[in-house]
Amino acid sequence: MLAILSITFPIYAAIALGYVMVRQGVFQPQHMPVFGGYVLNVALPALLFNAVATRDVSDLFNLTYMAVFLAGSLATITVAFVILSAVGTSPTRRAVAIMGTSCANTGFVGYPLLLLALPSVAGQVLALNMLVENFVVIPVCLAIMEASKAEEAHILRKLRNILLGVLRRPMVLALTAGLVFSLSGLVLPEPAGRFLDMLAASSAALALFVIGGSLVGVPSRGNSGIAMLTVLGKLALHPAMIALTLLAVPMIGLAPLPPDLTAAAVISAAVPMFTIYALFAQELGHEGMASIAQVLATTLAFFTLSALLFVLL
């Protein structure tokens, strides 16, 4: 158990530090989006470019892993849709809850966690997860949110804007640039590699600090029942769907994933929802519900992730 705490304690110590620093006024809540912007637009893109550009494409892109993570995430969306519809959730609340169950905090929690638990595959898994999430899972969730507004005349235009927005994201641009560089056969010069390593190394601690600082002052009013269902979906349903998909891989004639990638896939799905979840929910007027879910998921994940790591590692 001490070995598991050596992985989860640093993660939550950094989150707690961010919370305390903002709570005590050392930093202001409005500083957190600035720090988060650095992580999203500088540090993580540098990490992703380096992870892709310095590897052979055949070693990096594990299609079985991507298929598992994609199928498990889409299954999560489907099951969540059915359950939330069955309990009479309104279309807009249902859309927000679905995003919360299926969009993991890969960059801010998943990568730092894997860096401690499975360092040999952390960079590769980050790139693979980002590809699946940014190109499929998040756009699908955004499309469901747009459809819930019942503005049919504008849905196609908004879907086009969603796709264009995805393609303009710095992390997607970094993945694309890294892929092109890798395919070119060029070797990254040592000074450039050191520079990217330096930027990449700044991502994990600051990302976790931002998570903690962002929890200060979040809205505490909202539909707590749906928020709890969202938390259960994110911390239990999503990893369960990934695990079931992994079990199905040999049944359809594919070679099973190596143990480290198998564990990484389940762990990646078991982290809380992504940082900007409440911002998306705000567009539908349910930021209170999303904030409650985010606080609960971040808190409870300490126990669920510790238990999961104990089983898998």
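For all residues, glycine too, the Cβ spot is worked out from N, Cα and C.
As written in TrEMBL, here are the features:
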TRANSMEM  6-22  transmembrane segment
TRANSMEM  34-53  transmembrane segment
TRANSMEM  65-84  transmembrane segment
TRANSMEM  96-118  transmembrane segment
TRANSMEM  124-145  transmembrane segment
TRANSMEM  166-187  transmembrane segment
TRANSMEM  199-219  transmembrane segment
TRANSMEM  231-255  transmembrane segment
TRANSMEM  261-280  transmembrane segment
TRANSMEM  292-312  transmembrane segment
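When each of 6-22, 34-53, 96-118 is scored by its Cβ pairs under 8 Å to the transmembrane segment (199-219), the top-ranked stretch turns out to be 6-22. Between the transmembrane segment (261-280) and the stretches 96-118, 166-187, 231-255, the greatest number of Cβ pairs separated by less than 8 Å involves 96-118. Contact between the transmembrane segment (65-84) and the transmembrane segment (292-312) is not supported: fewer than 3 Cβ pairs lie under 8 Å, counting only residues 6 or more apart in sequence. Sequence-distant residue pairs (6 or more apart) of the transmembrane segment (292-312) and the transmembrane segment (34-53) include fewer than 3 whose Cβ atoms are under 8 Å, leaving the two stretches without contact. Packing against the transmembrane segment (34-53) from elsewhere in the chain are residues 60, 107-108, 111, 123-124, 126-127, 130, 170-171, 173-175, 177-179, 181-182, 188, 193, 196-197, 199-200, 202-203, 206-207, 209-210, 213-214, 275: each is 6 or more residues past its ends and has a CB under 8 Å from a CB in it.
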